[in-house]
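K.L.:
Here it is, the structure, as C-alpha cells.
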Amino acid sequence: MQLRASVLLSFLGLASVGHAGNVENNHNVCTVRANGGHQDDVPNIMAAFKECGNGGTIIFPEDQSYWIATRLHPTLKDVAIEWRGKWTFSDNLTYWRNNSYPIAFQNHHAGFIISGDNITINGYGTGGIDGNGNTWYTAEKGDTQPGRPMPFVFWNVSEVIVDSFYVKDPPLWSVNIMNGTNMRFNNIYCNATAVDAPWGDNWVQNTDGFDTMDATNIQLTNFVYQGGDDCIAIKPRSYNIDIQNVTCRGGNGIAIGSLGQYLEDSSVANIRVDKVNIIRYNEDMHNSAYLKTWVGALVPQSSYESAGVPRGDGWGSIRNVLFSNFNVQGASAGPSISQDSGDNGSYAGTSKMSISNVAFVNFTGWVDTEKSVVSTVSCSEVHPCYNIDYDNVVLYPGKNATTAGTGSCKYTADGGVHGLSGC
C-alpha cells in the first residue's frame, strides 16, 4: 500500500510542513514572505491567518514589506503575531472608497479589522502599518471625504495585548477599538504628517491616535502621537480606561467624546489619564484635556461624519474621570468641558448628558491665547454639571506671561466647580 507523505507523517506522530504561496507553516507557526513590489499580499496573509490563526503563531519578518491592496478581516483565537515587518496600504483611493468595510459610527470605513479572543501582537519596535495616508491628505487638502480606510480596527475582541507597534500616516483613525474587553497596549506610536501641506495648514483631520467605543478594561501606556485631531478619544460606552505616559504633538489633545451624537446611551465612566505632554506642533494644538457632548436635540448637519442628517439628542452620563499631571506647551486651551457640539445657535445648554466627578489635577505650562481665560466649563442647563475639581491647575496665558490664567463657567450646579478662579 502506498501512503501519501502527510499520512505517513501522521502515523509517525509528526506534523507536516506546508507551503501555500509565500506562507510557510511549520508546526502551526506560519511565516509570511512578501510578494515584492506592488503585488497584493493579502491572499497570503489571510492564508496564514486561516492556517495558524487558531492556537498558532504568525510571523511577519523584519526584512519584509507587505503591500495591502485589498481589505481584510480575520477572526483569530489563541494566536501570537510576531509583527516585525511593515504593512503598507495601497494608494488606490478608488478601490478603498468603494470597498472598505462600512462603519456606521460617524459614517467611517475600515480597511483592516481584527476580531477574536486571546490575541497577542508584538511589533518589536520595527513592525507596524503604513496607511499611505499622505496620498489622501494631498488629494483632499483638509477636506476629508468618505471612504478613507481605518488601518487598525479591533471589532468584537477580548484578551488582547499589543506591544511596540506603530501606525504611520493613517487615512483615518489610527487605532480604533469597537467592542473590546480586557486589552493592553504598550509602546504605541502613531504619526500622521502631510508632507505637502503648507506650514500651519492642517490636512490631517480625522487622524485620531487611539479611540475606544463599547470598550471595557482598556490599558494604554507609553503612547506617542503626532497628527491633527484627537490624540486619544474616549467614545460612547467606554468603561475602566487607564492611560499613562502619553505625548501628543499637534491636534486636539485628550478627549472624552464626542458623546450624544446618536439616539442612544453614550455613557462613559471610570477614566484615568495620567502623565501627559501636550506640545504645540504645526501651529496646531487646540486642546489639552476636554469633554465634549452633543446638544439635546436633533439638529441638521452637513458634515459627512453625520451623513448629512440631523444628529444629537443622545443621553447618558460622564462620571469618575481623572486627568492628572499634564505638561501643556502651547495648546489653545487648558482643560475644558463643552456640551454644545452640533449646535446651530438655537440649542445651547440642552445636552442630555450629565457630567459629574471630574478632576483636573496638576496642570502646568502655558496656553497659546491673548486672553486671560485658559479654561472653560460650559455644561448643560438640563443637567448642570457638578463635582468638577481643579487641583493645582496653573496655566499661563502665553509663553511669557507672568500671571496665571483664570476660568469661566456656565450651566453648572451651585458650587459645582471647585478650584477654578473665575467660577
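Residue 1 is the first one shown; counting continues down the chain.
Backbone N, Cα and C define each Cβ position, glycine as well.
Below are the features listed in Swiss-Prot for this protein:
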type	residues	note
SIGNAL	1-20	signal peptide
CARBOHYD	N92	N-linked glycosylation site
CARBOHYD	N98	N-linked glycosylation site
CARBOHYD	N118	N-linked glycosylation site
CARBOHYD	N156	N-linked glycosylation site
CARBOHYD	N179	N-linked glycosylation site
CARBOHYD	N191	N-linked glycosylation site
REPEAT	215-236	repeat 'PbH1 1'
ACT_SITE	D229	active site, proton donor
DISULFID	C231-C248	disulfide bond
REPEAT	238-258	repeat 'PbH1 2'
CARBOHYD	N245	N-linked glycosylation site
CARBOHYD	N344	N-linked glycosylation site
CARBOHYD	N362	N-linked glycosylation site
DISULFID	C379-C385	disulfide bond
CARBOHYD	N400	N-linked glycosylation site
K.L.:
Six or more residues beyond either end and a Cβ under 8 Å away: which residues meet both conditions relative to the repeat 'PbH1 1' (215-236)?
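P.N.:
Residues packing against the repeat 'PbH1 1' (215-236) from afar: 105, 174, 177-194, 202-209, 242-259, 262, 264-268, 271, 273, 281-282, 284, 314, 316.
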K.L.:
Please identify, among the recorded positions N156, C231, N344, the one with the smallest Cα-Cα distance to N400 (N-linked glycosylation site).
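P.N.:
Its closest listed neighbour, by Cα, is C231.
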K.L.:
Do you know the DSSP helix, strand and coil residue counts for the repeat 'PbH1 1' (215-236)?
P.N.:
0 helix, 17 strand, 5 coil
K.L.:
If you count Cβ atoms within 10 Å of the Cβ of C231 (disulfide bond), leaving out that atom itself, what do you get?
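P.N.:
If we count other Cβ atoms within 10 Å of C231 (disulfide bond), we arrive at 29.
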K.L.:
Check the DSSP secondary structure of C379 (disulfide bond), expressed as helix, strand or coil.
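P.N.:
The three-state answer is coil.
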K.L.:
Give me the Cα-Cα distance between D229 (active site, proton donor) and N98 (N-linked glycosylation site), rounded to a whole Å.
P.N.:
25
K.L.:
Determine, using Cα-Cα distances only, which of these recorded positions is closest to N118 (N-linked glycosylation site): N92, N245, N362, C379, C385.
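P.N.:
Checked the recorded positions N92, N245, N362, C379, C385; minimum Cα distance to N118 (N-linked glycosylation site) goes to N245.
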K.L.:
On average, what pLDDT score does this prediction assign to the repeat 'PbH1 2' (238-258)?
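P.N.:
Computed over the repeat 'PbH1 2' (238-258), the mean pLDDT is 98 on the 0 to 100 scale.
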K.L.:
Please work out the helix, strand and coil residue numbers for the repeat 'PbH1 2' (238-258) from the DSSP assignment.
P.N.:
0 helix, 18 strand, 3 coil
